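Enquirer: Have a look at this one before I ask anything.
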């Protein structure tokens, strides 16, 4: 019997050990860096730059721990369980929440170092990670919306330049929308637009409107906002443009790559697709057509440190290197990322590159699209747009509904 | 109370040995999270920070004043009412057919079962393609509907997906039930001149009632918790027409940083499932001899 009891205890202890061994043990001696990794190439690239850093600053003991999926959820859980990495990638879209929750380390005093030259960064990018004057993230790369156009289709239609303004955008798009097989439905569209608030905001900013005004009140019922939205929706409703789902595509880049349309508004993420999957498309890029003023939307990511980190000094050394001339150069040279520093773009001659120049110039008048509303605003905005596109509401009706929903306070 | 013998004690110890490990795991990964959810549903907590304010029932009262919560509850119930009867009947029907001596029976059995063992991500992606605007369904029937972006048909498409995948799964349960029905019953019915259809209704259906009950219970629980198909196929849209309770819980917890609120919604979902099962238990449970 005693034999059995011993055995039983043994099993119990083992099972407890087994059960808890799944819990993450974090090495507190190392400075940990985490980011998403969309592919092995990107992971290798980052590891390479970090190896350079290690040669330069061997005293900093760090570990690179890429997170393969559900990045935002994972970081959120890690912050909540006090196991967050000491340096992590922060998406511009989620930055307002993290800044509001006060979980990030303010970086002003680190960045004040004169050798760091914070003024070298494109201001629009810094703004994504600022709350008031406090900086919570150092931009690592960026992607502004630009206009991709199919040169062959433009040539065929006798058009010599990409559209410069809203009027031309509509006219050109109509001209290149055509039914080639005579079944009464267009087989080629001039333009494919996404029914998303980000893309619409580029037009809203161009028209002098805003989703949320400086004083925090909503601007979605203002004339400037509604006019831009109505223009955008009219392009779809009058058949001058279409949306990806009408062409059974997941996104507008797919429509562009499969030559179903002559123009799309997209950004850097489309380029590798065009080079690998759709390399028979003869494409060019141009700045977005201009409304009342130049404007576009920029997407950017940053390096940030949690307030709780015990390796802030080393953490900053990593950020400092990764966003330095050397660190950025090796990433930019090998990949497709655009450097957040003007000087790096200049030194690498990117302003002479016909494609990259357009992106860099767009950064000068780009804006990030963020609000200070509770996170649910984004889904509510998407619902409002779905009302327009899939439920036949007018832009005004949808925005009135959205306005009511946000003002009701239920989002809090 | 008589003292258990040494042998009995050993038996008890062995029983504990077998039970101990699963109990520990279940306790840690099932009962503890359930209890903890209930606990945090009384707090305002974003998970990211340490600040956890006790707010009593405020999460629940807020929940009941959120129209989207009611909409997702309605969607969940609609989904369940749509899916459970059809999938149960289809599973039984398929099992009945697959129990006949027909050619290529094992091929059909495998074919109907494959969707059940295929990842829901795969079947969902397949359905997105089938039901897209230029997809096969529209081409077959000469329609122009974009099933998943049309608020009136998005839920139907997701229901169809689930019916297709789970009826094959439950078919296996019914097959097992059918094979335990003595053949003599069918023979007797045939001698009395019953048609195949009559045999199905008068013998098969009543005889597999215990299996039907099992399938209904599992089907109901599964439907109330539907998540992955929604997540992949529609993300709750368009215009919230496919937002179900578990999707609502997910977005609140992980997108809106309202973990306490999401926990409250999860508790409501649990209560809903529990009550539905109670109703089933009371009115549909087969009598066991």
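All positions are counted from 1 along the displayed chain.
Cβ coordinates come from backbone N, Cα and C, glycine included.
Predicted, not measured: the structure shown is a model, and the values here were computed from it.
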Enquirer: Looking at B:77-98, B:187-208, which one is transmembrane segment according to TrEMBL?
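Expert: My reading of TrEMBL: the transmembrane segment range is B:77-98.
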Enquirer: So which range, B:52-76, B:152-176, gets flagged transmembrane segment in TrEMBL?
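Expert: Of the candidate stretches, TrEMBL labels B:152-176 as transmembrane segment.
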Enquirer: Where else in the chain does the transmembrane segment (B:256-276) make close Cβ contacts, counting only residues six or more beyond its ends and a cut-off under 8 Å?
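Expert: The answer is 34, 37-38, 40-48, 52, 55, 59-60, 62-63, 69, 73, 76, 80, 220-221, 224-225, 245-246, 248-250.
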Enquirer: Top stretch among B:12-36, B:77-98, B:152-176, B:211-236 for CB pairs under 8 A with the transmembrane segment (B:110-132)?
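Expert: That would be B:152-176.
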